[in-house]
Amino acid sequence: MEKIKVIVVDDSVLMRRLICDMLESNDNIEVIGTAINGQDLLNKLKVMKPDVITLDIEMPVMNGIETLKAVKSLKIDIPIIVFSSISQKGMKYTMECLYLGAFDFIPKPEKPFELSKMKDDLIKRIRVAYSQNTNKNPAPINPVIRRETNRISSDSIEAVVIGASTGGPKALYKVITKFPKDMNVPVFVVQHMPVGFTKAFADRLNDNSAIEVKEATDGETYRKGVVYVAPGGYHMEVDSNSRIKLTKEPPIWGVRPAVDKLFISASKIFKSHIVSAVLTGMGKDGSNGTGIIKDNGGVTISESETTCVIYGMPKAAFETGKVDLVVPIDNVADEIIKIVRGLRR
């Protein structure tokens, strides 16, 4: 197997050394260079061709956000994984990086020597980033595909549920910022994200959306016209008393919050009066819930492969045979709105 070539960007000598040591302990990864800031990286990209870049956000001369903008402006298609501090400013910067096109992020520990705990997670993300980039086949964006075997039959929608993972923040931004203020249903969202980051994520969406967006809290009564984002580290469910329930029950598919937990819970309450959407992400989370929602008479959507950062979760949902509509990301909000307003049959 050809080694994955990586450039490590960090202004700290210690962090660069620790990250390089972690990556080079893996036989399939080769660190071909390091950079002390964004400008240094841009100079190195003139002569080096990495497969993946790891990028610190808070750096002098040219920070992570400025670096991402510069790399994207050069039309260089290299997946970038950002290291984020867990400070409020760091989380806000992380959201900005994801919207600018960063492939994924890793929370940076407060103490450098705790970085080793994230070794497996970092290597996994680098492998996924590399495989997605090398397997890209430019293809036309297909229109909405309606599966002939599944008739859309739900009469009145009372809730929308959406799940996403890798690539989800940018995808959800495209969807939720299109929702109108008078969306006459509650919207529940699960985005795989570490503890602490979902508040910044929800705030960013709220600042740029007509509809209200907030991080969900345990026991609160959900309302129409509000988007509720599951907090990192908690499963989100809904109950028959119109309340949100957050739990620390064991992870599903290795994640918490899990899309399936939300989908299955919501299907029990809303029966046929629900529409679900599974967006970009790795793994199979959301596939079981999609099947249950369809079996109960709800309407199901999965994102088209052509627009996914990772066609994992939408593929698993599609392969259940229970997906009504396969939709490119730019059309997902429009389709949901049509269904909620009874314009899609």
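Placement of Cβ uses the backbone N, Cα and C atoms for every residue, glycine included.
Copied over from Swiss-Prot, here are the features:
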| type | residues | note |
| --- | --- | --- |
| ACT_SITE | SER165 | active site |
| ACT_SITE | HIS192 | active site |
| ACT_SITE | ASP285 | active site |
| DOMAIN | 5-123 | domain 'Response regulatory' |
| DOMAIN | 153-343 | domain 'CheB-type methylesterase' |
| MOD_RES | ASP56 | 4-aspartylphosphate |
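The distance from the Cα of HIS192 (active site) to the Cα of SER165 (active site) comes to 5 Å. Within the same chain, the residues at least 6 positions away from ASP56 (4-aspartylphosphate) whose Cβ sits under 8 Å from its Cβ are VAL9, ASP10, ASP11, SER12, MET15, GLY64, VAL82, PHE83, LYS108, listed in sequence order.
Its Cβ taken as reference, HIS192 (active site) is surrounded by 24 other Cβ atoms within 10 Å in the chains shown. When the alpha carbons of ASP285 (active site) and SER165 (active site) are compared, the span between them is 9 angstrom.
Note on the active-site residues SER165, ASP285: the fewest other CB atoms within 10 A surround the CB of SER165.
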